[in-house]
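What follows is a short report on a single structure.
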Amino acid sequence: MAKLYFYYSAMNAGKTTTLLQSAHNYRERGMRTLILTPKLDHRAGSGVVASRIGLRADGRIFERDTELQQLVERDIHNDGALHCVLVDEAQFLGRAQVWQLSEVVDRLRIPVLCYGLRTDFRGELFEGSQFLLAWADELEEIKTICHSGSKATMTVRVDAHGHAVQDGPQVEIGGNERYVSVSRAEFKKIMRGEGRIDPLQIALPLPVA
């Protein structure tokens, strides 16, 4: 039975790597997939989904007003049977788009796998994540680690000096240089202005020894 899945985490937990591995697993079995990626995230190039460890694949761009059920139906009409839809950066979906993806599952009987952040740099839910948490059939946390050694569940936006940024737009595309995953306790600490966090992390992919 097809289901709507939401795989969520803080930053740098390997969400896109997991998405690309899932897509590969389908293709390896002769099944066709469709990867959707938001237009506003063009860090790897327009329509390219890329992980920090060097994996990449082409995706279909969507915008806030894209009708996703219709997009999927057109894809099937043009290219034939579709076995799975995968959505990168799913936190950027709108409420209506999450509902449309649920229709892909319920009406078209195609599983939809969404990968994204749960909360923003203020600790508040993104719109897409809010409704995926409400409507998905299956929820799974992709875990990552805070510098303190605890599980990281929050994401902090930092400035060049490692201090928390508490103002600004919810959506601001950036990678390791702007965002750091931390535990809830560390999130509270840095948001109070107690200390700083080094935003620099080891560059990936790592060189082969």
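Counting starts with 1 at the first residue shown.
Keep in mind that glycine also has a Cβ here, set from the backbone N, Cα and C atoms.
Marked as active site, proton acceptor by Swiss-Prot: Glu89. The 10 Å shell around the Cβ of Glu89 (active site, proton acceptor) contains 24 further Cβ atoms across the protein chains shown.
Residues or ranges marked as ATP binding site in Swiss-Prot: Ser9, Ala10, Met11, Asn12, Ala13, Gly14, Lys15, Thr16, Asp88, Glu89, Ala90, Gln91. Under the three-state DSSP scheme, Asp88 (ATP binding site) falls in the coil class.
Highest local Cβ density among the binding-site residues Met11, Ala13, Ala90 belongs to Ala90, counted as other Cβ atoms within 10 Å over all protein chains shown. The Cβ of Lys15 (ATP binding site) has Tyr7, Tyr8, Ser9, Asp88, Tyr115, Gly116, Ile142 as same-chain neighbours under 8 Å, each 6 or more residues away in sequence. Around Ser9 (ATP binding site), a 10 Å sphere centred on its CB holds 22 further CB atoms from the protein chains shown.
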